[in-house]
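To keep things clear, I will list the structure first and then write my remarks on it.
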Amino acid sequence: MQLIRSSDYGFWLLSQGSHIHLVNNYLPEGRAEDFHLQGKKGMVIGELDRQPLWLVEEQPNDTRAYFDLRDQLYLPERTFNLLNRGVELNHFFKTHQFCGKCGDKTMQTEDEWAVQCTNEECNYRTYPVICPSIIVAIRRGKEILLANHRRHAPKYGKGGMYTTLAGFVEVGESFEQTIHREVFEETGIKVKNIRYFGSQPWAFPNSQMVGFLADYESGEIRLQEEEIADAKWFRYDEPYPEFPEKGTIARALIEATLKLCAEHQDK
């Protein structure tokens, strides 16, 4: 990052954790001095509406109004992904101030998004950590499997949002192996015909959601109760529970699978 000058112009992204500063529901636009940002550290991370998008180093004691990045899912995909980029970079810089190899201080590199050890005998370079997570929608004929995760259920019970299954990729696993493992661990179900669907950066704090469609192969629902409060097969034409928000890859997976369910019914 560089010192921001009074005359620097563009959109300004300030973050605190996964929250971002907004003015009238949008990123502030103007000269740095308009927002008292001169002298702070920042860098351009992209372009928004043909103007530079500046990421400002996280200001822990800033009193501006900050809003949850999750609430910005209505924005165009490219805009939301740029905001994810900024939030993830600030998280990376904040959590990698010391070298993971020798323990000396790090400094941000000028040629790429990375930090490098200041110890000349080490010079170890570290890049932003991205933690891939699979997310999968499972179809059985004209039904979709949806789960009520513990984090979405009211305390001590069921209810709330039902969504797809997801889980982090473990060391040495392919995405397909993760799908088989996670689905079986959480529901006791085995799947087949796994197809890639799409992906979404998810800066909470540094995930990449990799989406798949899959078909039911065998098994009866058996819950991993510490993770899953409930899981059911829902017909495409029956009343649905609460779904994830539009703009999430989970919602897109569900809608794509419900369409496949309807097409199966018509055959």
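The backbone N, Cα and C atoms fix where each Cβ goes, glycine too.
Now, the feature entries from Swiss-Prot:
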- Arg70, Glu112, Tyr127, Gln200, Pro201, Trp202, Ala203, Phe204, Pro205, Asn206, Ser207, Ala250: substrate binding site (BINDING)
- Cys99, Cys102, Cys117, Cys122: Zn(2+) binding site (BINDING)
- 128-257: domain 'Nudix hydrolase' (DOMAIN)
- Ala166, Glu186, Glu227: divalent metal cation 1 binding site (BINDING)
- 167-188: motif 'Nudix box' (MOTIF)
- Glu182: divalent metal cation 2 binding site (BINDING)
- Glu182, Glu186, Glu227: divalent metal cation 3 binding site (BINDING)
Looking at the binding-site residues Arg70, Cys117, Tyr127, Ser207, whose Cα is closest in space to that of Ala166 (divalent metal cation 1 binding site)?
Ser207
Hey, what's the Cβ neighbour count for Cys117 (Zn(2+) binding site) at 10 Å?
21
Rounded to a whole number, what is the top Cα to Cα distance in Å among the residues the record ties to substrate, namely Arg70, Glu112, Tyr127, Gln200, Pro201, Trp202, Ala203, Phe204, Pro205, Asn206, Ser207, Ala250?
32
So which other residues, same chain and not among Glu182, Glu186, Glu227, have a Cβ within 8 Å of the centroid of the Cβ atoms at the divalent metal cation 3 site?
Ala147, Leu165, Gly167, Val183, Glu185, Thr187, Gln224, Ile228
Take the domain 'Nudix hydrolase' (128-257) and count its residues per DSSP category (helix H/G/I, strand E/B, coil), listing them in that order.
22 helix, 57 strand, 51 coil
Name, in the order they occur in the sequence, the residues of the same chain whose CB lies under 8 A from the CB of the residue listed as 'divalent metal cation 2 binding site' and which sit 6 or more residues away.
Ile134, Val136, Leu165, Ala166, Gly167
Where the distance is taken from Cα to Cα, which of the binding-site residues Cys99, Cys102, Cys117, Glu186 turns out closest to Pro205 (substrate binding site)?
Cys99
Where does the mean pLDDT land for the domain 'Nudix hydrolase' (128-257)?
92
I need the CA-to-CA distance for Pro201 (substrate binding site) versus Glu227 (divalent metal cation 1 binding site), whole Å please.
23
Entry from the binding-site residues list Cys102, Pro201, Ala203, Pro205, Glu227 having the most other CB atoms no farther than 10 A:
Ala203
Secondary structure at Arg70 (substrate binding site), reduced by DSSP to three states:
helix
Measuring Cα to Cα, how far is Ala203 (substrate binding site) from Cys102 (Zn(2+) binding site) in Å?
28
Run through the Cβ atoms and count how many others sit within 10 Å of the one on Cys122 (Zn(2+) binding site).
15
Validating a neighbour-count step here. Other CB atoms within 10 A of the CB of Tyr127 (substrate binding site): how many?
12
